[in-house]
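Chemist: The structure that follows is given in the form of structure tokens.
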Amino acid sequence: MEGTNNSAPGNFILLGFSDHPHLEKILFVVILIAYLLTIVGNTTIILVSRLDSHLHTPMYFFLTHLSFLDLSFTTSSIPQLLYNLSGRDKTISYIGCAIQLFLFLGLGGVECLLLAVMAYDRYVAVCNPLHYMVIMKPRLCMGLVSLAWGCGVANSLAMSPVTLHLPRCGHRSVDHFLCEMPALIRMACINTAVIEGTVFVLAVGIVLSPLVYILVSYGYIVRAVLRIQSASGRQKAFNTCGSHLTVVSLFYGNIIYMYMQPGHNSSQNQGKFLTLLYNIVTPLLNPLIYTLRNREVKGALRRLLLGDRERKRS
């Protein structure tokens, strides 16, 4: 850490896992491997969804955006983390910190809303299957995705400047591996109760409201599935929704813990590892969840890999 003492005045110091130096090399290798697998997995989902005409449906349109979000989300912080883990330099510039905070808040908000949009898509597919393609027109799909992106970016535009401009009385050490809102709020040398209250209200709007909608949608979905007479029909319906519900559980389990109790209320070390889980493990698992549980994606992968040979056999 001595190498950071001469850092430029505008820089922040990301303490990260420096209080566990014996873990840094191990974390570097594990995170690098996970990051590369995340890139491969999500890029594969995007390419398969775009290249295979069988997957040109609303569900895979939304899945493509989810994979792009996951790629952007991990890339907003993991390269900086790998750099800091690889040596004694733990600094990040003020501009870099601001960009990281903006992307982290914005992309996280977009994902909350996109998962709610995907829940609506599954609701229409299960509860109104005969009118699915009529309701889920390309224009509506694009409008829903645009709304998710717009609200997520607006939330970040509202909270990032407020967080960055909190007086820190010369404190530059961020007790985290990225410029994340609760860690920056903890650095403030003033009473942050008002800011934390504002964060809580916005979190209810952009985190809990989509979750409530998702849960209500799945209540209707479960009721519709239980009315299906055939066991195979029920199984198909559950498989259609199972992947999305698994992703929702992984995503919201972490984000609610971190952002519904900001600032001084959250455990610092626990918050670091939860953020790491939320930032690298969830995006890594999402492609696996959708490919392992989804026959259409596996079929598309086979068609793309085998090409003409597969077409001739079919």
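Cβ coordinates come from backbone N, Cα and C, glycine included.
Annotations in TrEMBL come from automatic prediction, not curation.
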Chemist: From the ranges 60-79, 160-179, pick the one that TrEMBL records as transmembrane segment.
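Modeler: Going through 60-79, 160-179 one by one, TrEMBL flags 60-79 as transmembrane segment.
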Chemist: Ranking 26-48, 140-158, 200-221, 272-292 by the number of C-beta pairs under 8 Å to the transmembrane segment (60-79), which range is first?
Modeler: 26-48
Chemist: The transmembrane segment (26-48) vs the transmembrane segment (200-221): three or more C-beta pairs under 8 Å (separation of 6 or more)?
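Modeler: Answer no: the transmembrane segment (26-48) and the transmembrane segment (200-221) share fewer than 3 Cβ pairs below 8 Å.
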Chemist: Grab the same-chain neighbours of the transmembrane segment (272-292) for me: Cβ-Cβ under 8 Å, and only residues 6 or more beyond its ends, written as numbers and ranges.
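Modeler: Residues packing against the transmembrane segment (272-292) from afar: 16-17, 31, 34-35, 37-38, 41-42, 44-45, 63, 66-67, 70-71, 73-74, 77-78, 176-178, 180, 243, 246-247, 250-251, 254-255, 257-258, 298, 301.
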Chemist: Report, as numbers and ranges, every residue of the chain located at least six residues beyond the transmembrane segment (140-158) whose Cβ falls under 8 Å of a Cβ in that stretch; write 'none' if there are none.
Modeler: 58, 61-62, 65, 102-103, 105-114, 116-117, 120, 202, 205-206
